Amino acid sequence: QDWLALKPQEPSPSQCCGSGCKPCIYDVYEKELAQWEKAKAQQDKSLLTEKKEQSNNSELSPDTFTAFTVSSVEQLTEDTYQYKFELPGNSSLRLSLGQHIVLRGVVNGLEVQRAYTPISPGNAEGYFEVLMKHGELLMLASGTGLAPMLPILQSITEDEEDETFVTLVGCFPTFDKVYLKPLLQDLSRYWNIRIFYVLSQETSLEKLPWSYQESTYAGRLDEDLVKTIINSCRRKPFVLICGSSTFNEDMSRYLKAAGIEENSCFVF
């Protein structure tokens, strides 16, 4: 059981950026799996740390990831940020013109990797910088109001360059009335998509499948819950609303109370 907990987790298709990165997240997984199998066979956990010890050098390797410290984050525009990473000593990336690097991290519990071209000079010593664009969408849908949200969600997940974070809140009477569960579950596996369910006529979540329990609320989508969800976003989102006229009016009122301006909302 102890060794099973240390076993590398196989990536899902949504975690691969599809850009032909070297190494791909699947290449890294295969290498880590082989390392785990070797360590398990020899019952030697120290073999699992070999990669980490070897990654302290200053040169990038095409075969392994190296840990770097983020020294600063500067917001350049409403949704664009400049990240500065430290390099050991006065070392430099020594990249050729047009070369990119692959950054890996954990977002929403998923390990994600993306390719970036540094904006810092190729001979910059002791640091490198990249630009990252993080849009934020909050979708509030009631019943069939889910329909116009789906094409937007799918266009985001199908575009490898789109790094928009999306939180979809679907409101339904009961769990049985939730539309398109398999599609929604597939979308929720993407690193930048969160999906919550609010069930107005469910009094208990214990009978729900365990995979839904953490992302489901019993009751109505009220002002407090809207504020809680907005506060869980990385930045103030642009909000899309679709439901009955009463639902739309209530959501607009709750959003205003949460500090979301009218020009940051769109009602279908």
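Backbone N, Cα and C define each Cβ position, glycine as well.
The annotation coiled coil is assigned in TrEMBL to 26-58. TrEMBL lists 63-178 with the feature domain 'FAD-binding FR-type'. Look at TrEMBL and you will find Arg114, Tyr116, Leu131, Lys133 tagged as FAD binding site.
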Next item on the list: Could you put numbers on the helix, strand and coil content of the domain 'FAD-binding FR-type' (63-178), residue by residue per DSSP?
Entry: 17 helix, 49 strand, 50 coil
Next item on the list: Would you report the average pLDDT that the model assigns to the coiled coil (26-58)?
Entry: 71
Note to self: With an 8 Å cut-off on Cβ distance to the Arg114, Tyr116, Leu131, Lys133 Cβ center, who else from the chain surrounds the FAD site?
What the structure shows: Val130, Met132, Glu163
Checklist line | CB contacts for Leu131 (FAD binding site) [other CB atoms within 10 A, all chains] | finding: 15
Note to self: Counting Cβ atoms within 10 Å of each candidate's own Cβ, which of the binding-site residues Arg114, Lys133 comes out highest?
What the structure shows: Arg114
Check: At its widest, how many Å does the recorded FAD site span between Cα atoms of Arg114, Tyr116, Leu131, Lys133?
Finding: 12
Notebook entry, point to check: Tell me, how many other CB atoms lie within 10 A of the CB of Tyr116 (FAD binding site), whichever protein chain they belong to?
Noted result: 15
